[in-house]
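One structure below.
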Amino acid sequence: MVRKNMIIVFTLFLLTGCFPSKKILEDVQLVSAVGYDYKSNSQVELNGMVAIPQRGEDVPPISEVFTATTNTSKMARALEQAESPKPFEIGRLDIALYNHRLAENGIYDLVDTLQRDPSLGRDLYMAIVKGSTKTLLKQQYPLSETPSKYLLQLLDQNMNANIPKSNIHDFLYRYYGKGMDPNLPLIEKQGDRIRVIGTALLKDDKMVGQLKLEDSFLLKLLMEPFEKGIYEVKFKNNQFFTIQNLSSKVEYQFKNVKRSPSVDISVKVKGRVSEAPKIPVSNPALIEQLESATEKAMNKRTNKIVKKLQKAKVDTIGLGDLARSRTRGFDFKRWDEQYPDIPINVKVKVEITQAGITE
Amino acid sequence: MSQISENKQISPYMAFYMVTTMQIGVGILGFERYIAKTAGHDAWISVIIGGLLFNVLIWMIYRILSRENADIIGVHRNLFGRWIGGTLSFLLLIYFSSTILTVLRTYIEVIQIWIFPELGTPIITFILLGLAYSYVIGGIRVVAGLSVLGFFMSLPLFLLKYYALKNAHYTNFLPILDHSFSDLMAATKGVTLDYLGFELILLYLPFLKHPEKSQKWAHLGNLFTMFTYLITVFVSFVYFNQEQLQHTIWATLTLWKIVDLPFAQRFEYAGIALWLFVILPNICIGFWSVSRGIHRLYKIKQKSALRTMMFIIFICSILVVDRQQVDILNTKVSQIGFYILYAYIPFLFVIQLILGKGNGKGKGRKTSNG
Amino acid sequence: MIFFKKKKKNQQQEAKSNSTKGTLTFPELMKKLTASADFSTVKQTSLSTFYISYYKTLVNPEFLHRDLLPYITEMPLKNLDDIQKHLPLDGMVKSNDVHDIANKVTEGFILIQMNKGDPEGLLVPSLSTENRQISIPETEFSVVGPKEAFVESLDTNLNLIRKRLPIPEFTVKEVRVGKLSKTRVAIIYIDGIADAENVNTAIQRVNDIEYDHVVDSSYINQMISDNENSPFPQLIDTERPDRVASVLSEGKVAIMADGSPHALTGPTTIVEFFSAFEDYFLNWTLASVFRLIRLMAVMFSVLSTPLYVAVLTFHYEMIPENLLATLVASRNDIPFPPILEAIVLELSIELLREAGARLPSKVGQTIGIVGGIVIGTAAVQAGLTSNVLLIIVALAALASFTTPVYQMSNTIRLLRFPFLIFAQFLGVLGVAICFAFIVSHLLKLTSLGRPYIAPLYPLRVNDLKDALIRMPFSVQNSRPSSVRPQDKAKMNKKRAKEKHDIED
């Protein structure tokens, strides 16, 4: 019995070398944001932002950016190791940024390395940056401790309100999926602020166009039910009012998909007037006017957006997939050919329910 | 089944736990991809068809065994005599052992891919086999207890599906029945692999008290497996679209990634660790049954049979080096399983009917004593 | 009275079986006895002559002079039979068996002989029992409910239980164990409720004890447990007579040793170790919640530090976003890896506990405060441990003390260490593997031959009413089936369930 136990213990000792290596929290460098910049057609500059904790409890961490240039991102990380005192770990990556020039050439290869890594989560945010990601990550922002934290909160907040939701999972969902195309938030560094300037439209993994922030709101209306978005409407001679939507609903109707398809999209928006300088909003008659003014403005604008999408041959709304789900034996090839010329009508219906707490 | 003393037997309802826990194994972590390959978003229908077919097979197995009132080794001996029957039993035991190896090796593969890339196969095989040994040595009662525990430990994992449903695209299921019947049948073949495992009942049935009462529990167990698979397929299909699913090797594991609890995020690490309690009953029931089978066939002590088996499986597990080999192992073993279940079991059923040997209950009992 | 007679009979039987081997003549015996300074032989010559021999230290002198001597000196007595007739005492034995005499005298009997060399003598029981007062329970204290605890005298203890179960079926079997100590061990059960097999197992195991001295019931606990090597206690050790009475009425068996203020009860299940007896004094909703909290506490106590080590060593991805900064900041200056940090802290908590337990209660408190506050704060400030871990370890220690049975709370604190080692090598997977090993051990464990984790496996739905939660008394209509009681019903189900209309 004792001898048998000895053998077991001995075997275990022999095998201890095969135990996994340790990644103790304070001994690794946690990369919390990466940015990819365009260098040349075959080369990418990779910037990894690391938050380095400081001694003491209440001292905020300092952010550092490590940079390397290669053709694949994995090798870039190996390069970065040379400068860093601790090994890099990307398991806590929150944000991946892509320079817009790079995005025009396609970003799938870069995203693919990220999605293959089992240590990465699925709620990683992605965004396209107008300008260099390096300068964006290197800046210290007074609004938040580190750029990555700032970006995370910024994107989180905006995706709840004005721009379509998109993280790495959504991107891949729309990238792989037939009859839909991905979109990503478009951001820009403005001084010591970062601004969401709109939505980047992608065909497969290449950026082909963009929408302004106001238009992103309308695109979001066409894509998903949501609340809390804000939209500004012009009302008679230079008077403006903003409307905040409390809920929205979108319905699609497909006609004759197999031969000559046409699509009706009807959007219902419930909202309240959040800001209306110089407009007496408590008047019921006026509310109706406001409603029709909003409807008119939105209708005009959304139809324009849809036309734009069709022209660029991007199906950001995912109409192809919706058509598939309503048609037996759906033919994607045919649909893709027809897509730019399909008549798509958007009808927005607006209902204004409240106008604040005072009269 | 007079040869087994009553206090070594377990209650008939244990068939429920033992059947489900044997069926649900590593496969469920990534089977969506395989069945969706042919039947696309209609693959859930194949899951149901597969489940129902397996209920028929369970019924057949119960008929075969209850006619002879013995386990499969006794049946083989009665029908084909000592030598041919013994050979058939031996081949069957080899198949069972290879399923154990498959489950073990695939789980290790999952660990190596998802948690510890540097973890050596020998050490983890050694630990898992040691764990299995400590259970099997306690007899069927302990092994069955483990399967009950595994069942209840895996139940809360269902709740995690909620996180995927928050981001669901329900239109992915439409239109229903957009695939041809042959597509569905091809997917059903794929599903078969995930229902495999319950056939070990061929060996442990005599250890259930009142085997005839346990039949309904076995059916229920199979239905529960079907239900589990249905939910899994449903959630994966609404979270991923078909094209994305083809790029996702471990769909369920990927789903765990999005779980974000206030005290822990990235649930897949905890999930894979908890999955140990789903894998372990698989391995333990397997080891118990096969070592019991060897004991019945060759009159070797069950303990030494178990040790030898573990040693062989340890060596085999080390010999399987990379992912491709694990894949090959999986496909080969499940192909054999497919033929055993859909060809050999019905064949045995018919042979038994024709030879009509099953009538003599006394005879069956006598020969099964060996 | 029935009880006493039964006991006496047993005593006689046992005395015979326990007599030391080899032949011993009477003079030899007397020589042996008188070698001890506290043995005295007095020659009484009043109306008739006889010799009284006894241990001064065992015999109650008051009894000797007030209750014994006056009766035998008053009148002329010819022989031992006469004396026996005249003495108004109970439990006298006339014996000529040297071994019997030797056993009795060493137990506190007074030996009366007519002649000094006579091999025959009358043995009069006169044990002076130096008893501790019945005090309040210390390890199983409860705010409400009875405040009696067992003392070191078996007879007093039996009295405490018997007055709670005044029925003739209450049976005590007595066995003597220990070559030197000859400890009286009582096996207590209710006839007709307790399963005969359980009773026999208990008696058999106690009889099989081979040891020179049995000082306390915890000796017996270890000697008769099904698996000696298991860190899990397999019998409940309680100091509450009310708990024993209630456990007996469930059909279980209790074992008590003379000289030990504890009773052992079995067959037990693991859930029993986490139920305080106070649970039955509280409303069932409260009791159930407290039981669940206790269960959580156990899980927390065992798993928190191992998970801390696992996550910090291998799975930094699992740390919630909001905690990450705190953890990194608190770990940043620590010179030790998480495992060392955890082990050092766990051990220092154990040190504190040991020191507190070995010292008088007042000093013990001080040690607790010094250790907890001063050392803890200093360690964090010196940068030796992270304050997050300090909180976790302290909470885990606290949680382990919520377990009502002392032995179990020790086990729980010990269990952490294998978990820690597994966590260090294999992270969360290691924790799962260690858990699986413990489960395999628990599944194989039995208590007096009955499965240890009974209501959970084998699954007894009926017993779950009083396991992880405690259902109201109206639902507790049957005794736990895991102990196989002969009489299953606790009460008349129908009468208990009778429903009353609104205004009835």
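Yeah, the Cβs are placed from backbone N, Cα and C, and that goes for glycine too.
A TrEMBL annotation is a machine prediction, not a hand-curated record.
Per TrEMBL, these features apply:
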TRANSMEM  B:12-31  transmembrane segment
TRANSMEM  B:43-62  transmembrane segment
TRANSMEM  B:83-108  transmembrane segment
TRANSMEM  B:114-136  transmembrane segment
TRANSMEM  B:143-164  transmembrane segment
TRANSMEM  B:184-205  transmembrane segment
TRANSMEM  B:217-240  transmembrane segment
TRANSMEM  B:272-292  transmembrane segment
TRANSMEM  B:304-321  transmembrane segment
TRANSMEM  B:336-356  transmembrane segment
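Comparison of B:12-31, B:114-136, B:143-164, B:272-292, B:304-321 by number of C-beta pairs under 8 angstroms to the transmembrane segment (B:83-108) places B:272-292 first. Residues 97, 100-101, 104-105, 108, 121-122, 125-126, 129, 132-133, 136-137, 287-288, 290-291, 294-295, 298, 329 of the same chain, all 6+ positions outside the transmembrane segment (B:304-321), place their C-beta atoms under 8 angstroms from a C-beta of that stretch. Between the transmembrane segment (B:143-164) and the transmembrane segment (B:12-31), three or more CB pairs separated by 6 or more residues in sequence fall under 8 Å, so the two stretches touch.
Listed as Cβ neighbours of the transmembrane segment (B:272-292) (distance under 8 Å, sequence separation of 6 or more from its ends, same chain) are residues 18, 21-22, 24-26, 29, 93, 96-97, 99-100, 103-104, 107, 110-111, 114-115, 128, 131-133, 135-136, 139-140, 143, 146-147, 149-150, 153-154, 157, 197, 200, 203-204, 253, 302-303, 305-306, 309-310.
Contact between the transmembrane segment (B:336-356) and the transmembrane segment (B:43-62) is supported by 3 or more Cβ pairs under 8 Å, counting only residues 6 or more apart in sequence.
Away from its own ends, the transmembrane segment (B:114-136) comes close to residues 104, 107-108, 142-143, 146, 250, 253, 268-269, 272, 280, 283-284, 287-288, 291, 306-307, 310, 313-314, 317-318, 320-321 of its chain (Cβ-Cβ under 8 Å, at least six residues beyond either end). Residues of the same chain lying 6 or more positions beyond the ends of the transmembrane segment (B:43-62) and with a Cβ under 8 Å from any Cβ of it are 19, 32, 35-36, 173, 177, 184-185, 187-188, 190-192, 194-195, 198-199, 201-202, 205, 211-212, 215, 218-219, 222-223, 225-226, 229-230, 233-234, 237, 341-342, 345-346, 349.
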